[in-house]
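Here you go, one structure.
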There are 6 protein chains.
Amino acid sequence: MSTQSIRPVKVKRKYTRSSPGSVLYQSGDTIVLCTASIEDGVPPWLAGSGKGWVTAEYNMLPHSTNRRKRRDRDGKVDGRTTEIQRLIGRSLRAVVDLERLGERMVTVDCDVLQADGGTRTASITGGFLALADALYPEFRKTPPAEHPLRDSIAAISVGIVNGKPTLDLDYEKDFAAAVDMNVVMTGKGQFVEIQGTGEEATFDDDELAALIKLAKAGIKQLTKIQQESLGKQWPLA
Amino acid sequence: MSTQSIRPVKVKRKYTRSSPGSVLYQSGDTIVLCTASIEDGVPPWLAGSGKGWVTAEYNMLPHSTNRRKRRDRDGKVDGRTTEIQRLIGRSLRAVVDLERLGERMVTVDCDVLQADGGTRTASITGGFLALADALYPEFRKTPPAEHPLRDSIAAISVGIVNGKPTLDLDYEKDFAAAVDMNVVMTGKGQFVEIQGTGEEATFDDDELAALIKLAKAGIKQLTKIQQESLGKQWPLA
Amino acid sequence: MSTQSIRPVKVKRKYTRSSPGSVLYQSGDTIVLCTASIEDGVPPWLAGSGKGWVTAEYNMLPHSTNRRKRRDRDGKVDGRTTEIQRLIGRSLRAVVDLERLGERMVTVDCDVLQADGGTRTASITGGFLALADALYPEFRKTPPAEHPLRDSIAAISVGIVNGKPTLDLDYEKDFAAAVDMNVVMTGKGQFVEIQGTGEEATFDDDELAALIKLAKAGIKQLTKIQQESLGKQWPLA
Amino acid sequence: MSTQSIRPVKVKRKYTRSSPGSVLYQSGDTIVLCTASIEDGVPPWLAGSGKGWVTAEYNMLPHSTNRRKRRDRDGKVDGRTTEIQRLIGRSLRAVVDLERLGERMVTVDCDVLQADGGTRTASITGGFLALADALYPEFRKTPPAEHPLRDSIAAISVGIVNGKPTLDLDYEKDFAAAVDMNVVMTGKGQFVEIQGTGEEATFDDDELAALIKLAKAGIKQLTKIQQESLGKQWPLA
Amino acid sequence: MSTQSIRPVKVKRKYTRSSPGSVLYQSGDTIVLCTASIEDGVPPWLAGSGKGWVTAEYNMLPHSTNRRKRRDRDGKVDGRTTEIQRLIGRSLRAVVDLERLGERMVTVDCDVLQADGGTRTASITGGFLALADALYPEFRKTPPAEHPLRDSIAAISVGIVNGKPTLDLDYEKDFAAAVDMNVVMTGKGQFVEIQGTGEEATFDDDELAALIKLAKAGIKQLTKIQQESLGKQWPLA
Amino acid sequence: MSTQSIRPVKVKRKYTRSSPGSVLYQSGDTIVLCTASIEDGVPPWLAGSGKGWVTAEYNMLPHSTNRRKRRDRDGKVDGRTTEIQRLIGRSLRAVVDLERLGERMVTVDCDVLQADGGTRTASITGGFLALADALYPEFRKTPPAEHPLRDSIAAISVGIVNGKPTLDLDYEKDFAAAVDMNVVMTGKGQFVEIQGTGEEATFDDDELAALIKLAKAGIKQLTKIQQESLGKQWPLA
């Protein structure tokens with residue numbers, strides 16, 4: 001498979017009826033159920049500020065991997081999970097104007113049904129769709145300039161696999177990657193997060209530049225898919 | 001809707017590819033993803049016994065209900081969850097010959113994607129299908145008389161709603177029920193579990209008899225659905 | 001020992017002085033200390049409702065069994081304990097009119113000093129006595145029609161042991177039972193809970209009927225013992 | 001009541017049958033159930049050393065106090081409980097020759113049924129009796145010089161109440177005490193522990209001397225009671 | 001080294017700038033960082049009483065001992081830690097007039113950077129200095145008779161090592177001690193705490209007297225060091 | 001203060017004697033005690049692989065910040081701490097050849113005594129020194145080509161503050177930064193980690209380039225400081 005193209009993406013919006021935003025997001029063999037709800041009120045440290053909050057939780061279902069993964073039920077959410085859900089929340093907040101949101105709390109749950117690499121980036125890209133759907137009923141008549149959503153957001157992984165800059169790593173490529181980078185960007189092409197890690201390896205300026213370029217191309221395609229999926233809802237006219 | 005018939009059931013087997021048994025089981029608006037895997041080895045207290053074990057975990061996704069439910073991440077699985085997953089495990093074990101299973105461990109995960117009443121009975125009925133699929137590769141050539149599966153198993157809820165014995169309670173009926181009973185039976189029509197509870201109410205012998213009769217009729221239909229779904233795999237010839 | 005009679009019961013009321021209801025309840029070699037207290041106020045979800053609440057906790061002392069049982073101190077109350085204390089609470093609430101109780105909270109603690117089977121049913125039967133004693137001072141002048149206690153409640157186990165329906169299982173019989181059923185009934189003979197389980201076994205309609213009949217006979221005797229123990233306090237005139 | 005005498009003591013040995021040492025120890029209105037068992041094997045850090053271990057757990061039943069005390073079930077045993085059970089264990093070990101005990105583990109559980117001050121000292125004094133009973137079957141033929149028990153042990157509280165040195169504080173006196181001291185001594189009159197605390201107060205040399213003298217007198221009486229209770233079992237001939 | 005003298009003490013006040021009281025206290029090779037802060041408000045059980053509170057936390061850094069000690073991060077603070085921090089808090093409160101403190105909460109943290117015996121007594125002696133510094137800004141103009149500090153407090157360990165009463169035990173001596181005693185006294189020479197323990201050993205009246213005498217001499221020296229360190233701040237004129 | 005230069009750095013090696021690597025690392029007003037030890041054996045998942053492991057723990061002392069921070073004692077290490085200690089561990093491992101290390105486990109503890117921004121980068125830079133010291137005794141005679149340390153490692157933060165790329169953010173600058181980036185590089189100038197985050201902001205290609213350039217300059221200075229501090233020990237000849 002090409003190292004320069006993203007994996008096929010499938011999006012099912014309104015997957016379940018119990019939450020206002022419910023998106024089954026599939027990228028290759030990675031499947032994430034992203035659901036979002038909105039409720040009045042905010043965490044204690046924001047009460048009275050007039051600002052809202054967006055938070056995310058990330059979870060892999062036990063059988064999402066070939067070897068069953070234990071549930072996080074013993075009061076110790078593992079470090080990887082914590083990092084990922086903090087990243088998802090931060091990324092989604094980057095395109096939300098919390099003051100326009102008002103004292104409301106949006107919770108986006110990303111439950112991985114099947115994992116084949118790129119679950120955190122799929123959670124961000126799919127999570128944005130669930131977020132947009134959850135906000136839609138309440139803000140459908142809000143003019144774009146006052147709408148809490150300022151932009152769309154999407155994410156992709158890139159890495160150096162067998163010495164070659166590679167886009168959208170599945171599990172196998174991720175495992176083989178010497179350098180692994182997750183890039184989060186807005187629909188308008190601004191960076192929100194760059195997290196690059198040498199896995200028992202290092203990288204230089206040229207490699208950094210190549211990875212960034214590849215990621216930008218991937219995000220562009222994802223942004224288009226998000227746009228088509230949301231249809232008339234997006235972009236805010 | 002009738003008080004004497006079961007809700008429409010949809011079954012998608014092989015829903016995900018990462019576990020050998022993966023069944024999306026839908027009963028009315030209740031949707032449960034039942035996945036099962038089998039691994040060598042048993043819990044310490046069975047080691048060396050030659051017997052296997054079947055266990056189940058039950059979980060509601062946060063957005064499976066209209067009001068988002070917190071994840072069980074603080075080390076305190078709530079009492080209801082504990083009771084339900086013990087019930088599912090016990091029910092599935094009732095049709096498994098643990099000695100024929102040998103020192104293998106089957107884990108059945110029941111993750112509720114959408115909850116509209118009857119999630120525990122859906123988990124048992126759908127969980128049996130996942131169990132059967134997980135066992136299939138390893139035992140496909142085992143003659144029925146030596147096969148670990150001795151029978152099929154299914155479950156249904158019944159209750160007294162507005163004074164009337166009622167089959168297969170959805171959330172609204174369950175909420176209104178004065179008496180609530182879950183019945184687990186084998187395909188051959190033997191009881192495995194009866195759990196009847198007066199919810200701030202009581203019941204007498206006649207009501208007990210009516211509920212039991214209704215449950216038996218419901219289980220019969222579910223057994224047929226299971227049989228059709230498994231096709232040539234079931235019954236063991 | 002007969003399979004049709006209950007084990008000898010001893011009741012010591014006012015066993016300790018530190019709680020208003022304090023009953024040492026002994027059934028055969030099973031000894032449970034049931035204590036109850038009443039305090040003003042209710043859990044948050046009932047505040048302002050005008051209704052009270054009754055809750056129960058169940059605990060086996062470490063040396064109540066032949067092999068010392070670890071205390072539930074690591075933040076994980078085991079599943080069996082959780083199920084049992086939920087059952088006890090639900091059973092006791094079945095005979096309490098929570099509105100007449102008013103915004104009061106009754107807590108019934110059932111601490112098993114010695115376990116020889118039937119600890120959960122002994123906890124219900126003895127717990128009712130502790131509950132009655134705890135309510136007595138506050139409601140002694142309340143006319144029966146306005147008294148929070150509507151009926152008495154008792155529980156017994158039945159099972160199929162060596163193919164034979166058997167009443168009031170001690171540890172040895174319980175261990176040997178193919179089917180195990182706990183029945184909770186009011187003094188007036190209404191069912192509150194039926195929990196029947198095939199332990200790696202199943203049962204049919206006839207066996208169900210035989211077990212129910214046996215349980216009703218046992219509960220009748222327990223109800224009489226409760227009545228005699230409470231003396232003039234019961235029944236509410 | 002006198003400030004110079006101990007409260008009346010009642011001892012019931014063999015209170016339950018499920019543990020080899022089972023003593024209901026009552027001092028005034030304080031009632032502690034002390035049970036002890038012995039099992040083969042030791043904690044990992046003693047394995048292979050040839051030495052045994054004695055450990056204690058202390059617990060107040062929820063209704064042992066006038067205001068119900070929550071159970072230690074959330075994984076946080078409170079600091080007071082921890083201190084007390086460490087004290088009990090250390091005190092009992094002071095009279096046990098761990099090498100003669102061999103690789104055995106004795107666990108002494110002290111469950112307070114009713115608390116009226118002095119529960120920790122009652123646990124030590126009663127716990128010794130349970131320990132002696134638990135060791136008896138295994139060591140009944142062991143000559144005294146090789147017996148794991150080297151001496152008896154007992155404990156008493158003293159304090160300065162209303163400016164006056166006072167023996168064996170009940171709850172009310174303990175509450176009023178400016179200085180509170182627990183003294184643990186062997187039957188032969190040696191100190192094992194002295195824990196004296198000024199409760200928002202201090203004390204001088206003379207007060208210290210008076211408290212020590214009083215404690216010694218109290219321990220002497222308790223030692224005699226222990227001796228009478230154990231009868232022919234003690235002292236080791 | 002002498003058995004009758006204390007180890008060399010070094011005190012660095014204002015060690016860090018982020019807390020008002022910050023003292024690096026070194027006694028021999030034992031180094032404790034004692035920091036204290038004061039904030040408005042008190043724990044719930046004191047709210048509205050007009051009284052303040054002083055609490056302490058004790059912690060050994062993982063590499064403070066030769067064999068790295070695990071952090072207390074699993075929700076189980078070990079028993080020894082709990083006992084020590086309760087002792088430190090109680091000792092400091094003994095010289096604080098909580099009513100004069102008013103509804104303020106002082107927290108003293110004692111983090112052991114290097115442990116060579118006597119960490120709890122160093123924490124008390126150094127903790128007093130941090131406490132004094134934390135109170136200074138708020139009460140510098142308060143006349144002594146109304147100042148919350150009524151006296152200074154210090155602590156020292158004594159023990160019987162190789163049969164000989166010994167002052168200020170380092171790790172090696174502590175390990176070898178048959179009897180181990182911690183004594184906490186005020187600057188004016190009153191006892192606050194005496195905790196003497198026979199470590200698998202016992203002690204008699206003469207030994208008790210010798211230990212107490214030695215401790216008093218040690219505390220006297222520590223009190224002088226505290227006084228010199230605080231300079232003009234102490235004693236309150 | 002300049003936006004283009006690093007804060008003054010002070011290094012005290014061999015700060016405590018209880019661990020082989022013990023470095024007090026100060027950068028501006030941020031003070032971190034980095035200690036490291038090495039022990040035989042590895043975590044279970046590496047046993048028998050012939051490879052070693054390097055892990056890190058990060059902790060802020062309660063009084064390291066102006067407002068006292070609660071200890072992580074309730075079994076919930078917060079998400080930020082988890083992320084940081086994973087980053088430190090990963091960064092240090094990037095310069096260690098785990099096969100040459102052999103089945104040994106190095107633990108680096110980074111305890112923040114005073115926090116004024118950049119605690120995670122200080123932990124990496126200072127942690128490397130502690131790591132080098134901990135490895136020194138065991139590998140002092142190992143030729144460079146076989147030595148487990150392949151390079152040095154250091155880290156610095158950069159950000160966009162008031163629209164201007166800025167080096168080495170203290171707390172105040174970090175708080176004001178629209179974009180915040182941590183860069184980890186080896187002494188030879190290879191990237192190991194880049195973590196850039198828009199804090200409710202985004203950044204473009206030019207800003208990314210400016211930040212990277214600034215970070216490289218900062219790391220170069222830190223590498224020189226590390227070299228001077230280690231003296232003859234580094235670089236490996």
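Here, residue 1 is simply the first one shown, and the rest follow in order.
Glycine is treated like the rest: Cβ placed from N, Cα and C.
Heads up, here are the entries from TrEMBL:
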{"type": "DOMAIN", "residues": "B:6-135", "note": "domain 'Exoribonuclease phosphorolytic'"}
{"type": "BINDING", "residues": "B:Arg80, B:Gly118, B:Thr119, B:Arg120", "note": "phosphate binding site"}
{"type": "DOMAIN", "residues": "B:152-217", "note": "domain 'Exoribonuclease phosphorolytic'"}
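Help me understand the surroundings of these features in the structure.
Per DSSP, the secondary structure of the domain 'Exoribonuclease phosphorolytic' (B:6-135) breaks down as 42 helix, 42 strand, 46 coil.
Residue environment of B:Gly118 (phosphate binding site) contains 26 other Cβ atoms, counted within 10 Å of its Cβ in all protein chains.
Summarised by DSSP class, the composition of the domain 'Exoribonuclease phosphorolytic' (B:152-217) is 19 helix, 32 strand, 15 coil.
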Given the recorded phosphate site (B:Arg80, B:Gly118, B:Thr119, B:Arg120), which additional residues of the same chain have their Cβ within 8 Å of the Cβ centre, ordered by sequence?
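Counting only non-site residues, the set is B:Tyr58, B:Ile84, B:Val112, B:Ala115, B:Gly117, B:Thr121, B:Ala122, B:Ser123.
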Rounded to whole angstrom, what's the largest C-alpha distance between any two of B:Arg80, B:Gly118, B:Thr119, B:Arg120, listed as binding phosphate?
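Largest pairwise Cα separation, rounded: 13 Å.
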In the structure shown, which of the binding-site residues B:Arg80, B:Arg120 has the fewest Cβ neighbours within 10 Å?
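Comparing Cβ neighbours within 10 Å for the binding-site residues B:Arg80, B:Arg120, B:Arg80 has the fewest.
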Using a Cβ-Cβ cut-off under 8 angstroms and a sequence gap of six or more, which residues of the chain neighbour B:Thr119 (phosphate binding site)?
B:Thr30, B:Val32, B:Tyr58, B:Met60, B:Ile84, B:Cys110, B:Val112
Which whole-number mean pLDDT does the model give the domain 'Exoribonuclease phosphorolytic' (B:6-135)?
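Taking every residue in the domain 'Exoribonuclease phosphorolytic' (B:6-135) and averaging pLDDT yields 95.
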